[in-house]
Amino acid sequence: MARQRLPDLCVIGGGAGGVAVAEAARRHGASVILVDREGSGAGNQLAGLAGNALFRAAGLAHDMRRAQSFGLAAAEPKPAARAVFEHIRDVVTEVEPRAGAERLEGLGVEVVRGEARFVDRRSIEVDGAQIAARRFVLATGSRPFIPEIAGLDQCRYFTTTTIFDNPYKLTHLVVIGAGRHGLELAQAYRRLGADVSVIDAAKALGRSDPELSAMVLRQVVADGVKLYEQTTVRRVQARSQGIGIELSGPDGRQVTLDASHLLVATGRRPDIETLGLDQAGVKRDPTRPERLRVGDDLKTTNRRIYAIGDVSGGLRYGHAAEHQAQLVVRNALFGLPARYRAALIPRLCRTAPQLAEVGLGEPQVRQRRRQDFTVTRFSLAENDRARGDEEGHGVAKMITDRHGRIVGAGVVGAEAGEVIALFSMAIANGLSARHLAGFVAAYPSYAGIAQHLGALHEQQQSASGGLTWLSRLVRNLP
Ligand SMILES: Cc1cc2nc3c(=O)[nH]c(=O)nc-3n(C[C@H](O)[C@H](O)[C@H](O)COP(=O)(O)OP(=O)(O)OC[C@H]3O[C@@H](n4cnc5c(N)ncnc54)[C@H](O)[C@@H]3O)c2cc1C
Ligand SMILES: NC(=O)c1ccc[n+]([C@@H]2O[C@H](COP(=O)([O-])OP(=O)(O)OC[C@H]3O[C@@H](n4cnc5c(N)ncnc54)[C@H](O)[C@@H]3O)[C@@H](O)[C@H]2O)c1
């Protein structure tokens, strides 16, 4: 057995979260070993980047078709599957080195390629070599969850990551799972010319505020995606040409779809099975054993081992993993308190229109004591930038507590992912609607939506009594 090493931190997994921990810890002078089974330091984040390139191509195709609304001749984009695939590959290849092992090594991180497995509470084994460390950070991400569907194991199907490796034309893409990933991809491939059907056993975009998700679903269906909700996939069958997919609808009606390709987008699960966690004393969540038991301080049941990013079982976003990385480094290196607040993490669905949410939504508020909260709404048709861009179909909602403090927001519309950042910052800093009303956004801009919501809230509060006595007093002054 090779000699043991004892760094300050050993990070397992070199994706979004692991790389962020390693970088931050090195900046503070800590010794860091990062172990990754691919050795690349890329993880699933490149899938996000590939998605972005695909959605941009799909957005352009859509704009070409609707160019007439802007006084230009509309044109059918004639997408070429291979050219779109090459575009996506080029974007990823350009960014990849920034996440790569060489850059980390340049920063002084020791990168070890291999599969990590705990041998006891303080050490792992990688390819026969043992590494003990003062602290470990689990950042192994997640893997696709593949449901048990009769015949699925006999079929070729894409997952939300492998679909980007496909250079061929998708004639009829059937997507199982209408969560965020399934719908984003369904709409994009539809706009790039494929026939697309999406099936969900429950409600499409069921994690989001239904009022907001309904606006997205309307557009996705208007684009020509066929949506089957509350529908079970009974069996899939590989045929000499394509795949047959047998469905059973909410009314018990049976339908068979003829697909050229199948995408399984039924969610993901933390990647923990091969880590030997029992040896390390890291326990699973008893109510959801596919997850770890992780506290707000991001520590597992072994206090020397943290879990961040997808493997921690919370919101699965690159920015969540990076935020958690900063908290862990503060705690592990300096003993500073770290408390992860999921309420600060923007949740973005990159359909068109985009759907972005942060903190509490209206459905959660309704479940709580509703009188303690105010929901302020603003139609994007009132925002001159959205109107000018022909993007007026949308709505923004802000949730405030009884002191006017912002506790949540949701936006459907163009650039929703940018607008939501203002609300995320407001929540992080305990700001209230008054602060939003008082900031100045450029005209015309989508950022103005946040300012308008703040101003609306203030007007509504003053109309309901708060400031009326003051205005009466001022009017009566000589
Ligand atoms: C298709 C797709 C699109 C997405 N789009 C977005 C987006 O637009 N915006 C966004 O914020 N998020 C997006 N996400 C989510 C985002 O990619 C993840 O939340 C993020 O990458 C999580 O970071 P992580 O560090 O937890 O895991 P990852 O980035 O997945 O990294 C995990 C790493 O751990 C390694 N590993 C696993 N097990 C072991 C082991 N035993 N030993 C050694 N190494 C191991 C893996 O090789 C991998 O490199 C997307 C995800 C997918 C799948
Ligand atoms: N508001 C939010 O909290 C929010 C919003 C969007 C995205 N997100 C994040 O994005 C992550 C990834 O989203 P995702 O789309 O990969 O997963 P997901 O879990 O959100 O969606 C998976 C979908 O697949 C469906 N499904 C599962 N098994 C099925 C089956 N056998 N047949 C048919 N349908 C089936 C589910 O009903 C669900 O709608 C989420 O886990 C979450 O972290 C969160």
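One is the number of the first residue shown, and numbering goes on along the chain from there.
Glycine is no exception: its Cβ is also placed from the backbone N, Cα and C atoms.
TrEMBL entries are annotated by machine, without manual review.
These numbers come from a predicted model, not from an experiment.
Some features that TrEMBL has for this protein:
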BINDING   Thr140, Gly141, Ser142, Asp310  FAD binding site
BINDING   Gly177, Ala178, Gly179, Arg180, His181, Gly182, Leu183, Glu184, Gly267  NAD(+) binding site
DOMAIN    8-325  domain 'FAD/NAD(P)-binding'
DOMAIN    345-447  domain 'Pyridine nucleotide-disulphide oxidoreductase dimerisation'
- prompt: Fewest neighbouring Cβ atoms within 10 Å: which of the binding-site residues Thr140, Ser142?
  reply: Ser142
Ser142 (FAD binding site) to Gly267 (NAD(+) binding site) - Cα separation in whole Å: 10
Field: Close-lying binding-site residues around ligand 1 among Thr140, Gly177, Gly179, Leu183, where CB distance stays under 6 Å
entry: Thr140
Message: Of Gly177, Gly179, His181, Leu183, which is closest to Thr140 (FAD binding site) if I measure between C-alpha atoms? They're all binding-site residues.
response: His181
Query: What is the pLDDT of the domain 'Pyridine nucleotide-disulphide oxidoreductase dimerisation' (345-447) when averaged and given as a whole number?
result: 96
Message: Given Gly141, Gly177, Gly179, Leu183 as the binding-site residues, which ones have a Cβ positioned under 6 Å from some atom of ligand 2?
response: Gly177, Gly179
- line: Cβ neighbour count within 10 Å, max among the binding-site residues Gly141, Gly177, Gly179, Gly267, goes to Gly177
Query: Near the Cβ of Asp310 (FAD binding site), how many other Cβ atoms are there if near means within 10 Å?
result: 28
- prompt: What span in Å does the FAD site cover, taken as the longest CA to CA distance among Thr140, Gly141, Ser142, Asp310?
  reply: 7
